[in-house]
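These notes concern the structure reproduced below.
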Amino acid sequence: MNDSRLEDRPVVARAERRRLPFGVRPVLLEAIAVFSLIGLVLAAAAPFVMEIAGSDWRFVMISITVYLAIVGLAAAGLRNHPHGRFGAANVITVFRAALTAIVAASLIEAGQLRYEGDTAFSWAVAGLVVLALLLDGVDGYAARRNGTQSSFGERFDMEVDALLILLLSLLAFVSGKAGAFVILLGAMRYAYLAIHALLPRLPSDLSPSLVRKAVCVIQVSALCLIVTPLVNPPTSSVIALGALILLGASFGRDLVVQFSGYPSRKGIKR
């Protein structure tokens, strides 16, 4: 995560020269191989979670469909990948995408996350989420260690994170652990992006902030805790509300800073 250093044009040029017939870049074929291999792992693992959930084959089909959608969008973004190799960091992110796809399928059995529900399924979902979050730091480390940071890898990692958080907030709501307001924990980033889409001259770059990172950790930790059997209403609702207040304050602060430079300046980096 946070592969913030982007590559210069010579690196892009060298990567672009390495092409196969019909203009196909080797990195695309490597990525397709990774997508396929991890897709097979997902197809083999999803039925086990399905059995734990006592679900049907819709669980597997939703997992595979969500995974294909994620990697399809990732493949489309590979045209901006500056390296000749897909890279270990992106392989880890693809695996995290597969875990996220299983979490998405868990929505159809979210009722089992209630207090009276199946605790085995609750812990299985929580375990998948924790694994995905632990690997979140590994892919960024791998990119920095191997010198394969890129805007593609940063965006891919960020979007998988955002989707996982949105799914967690939906699980918290559908399971009855918190009211509809909890969805804002996952949707607020997309609302933030929508504001920037509507106001393209609004500065989008922000200086690094320890407070912002801390709020993100609290947000994710709160959602992870809520989907476990450890907390139930009204405690789970209080936790969700507290996290939402902190997140709202963080996003609000960033917007105030950005609007202070609108519309007189464009693309400001602070």
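Quick reminder: no glycine exception, Cβ is built from N, Cα and C everywhere.
Heads up, TrEMBL stuff is auto-annotated, nobody curated it.
Note on TrEMBL: of 120-138, 215-233, the range annotated with the feature transmembrane segment is 120-138. Same-chain neighbours of the transmembrane segment (158-174): 1, 70, 73, 93, 96-97, 100, 103-104, 106-107, 110-111, 113, 125, 129, 132-133, 136, 180, 182-187, 189-190, 219-220, 223-224, 226-227, 236, 240, counting only residues six or more beyond its ends whose CB sits under 8 Å from a CB of the stretch.
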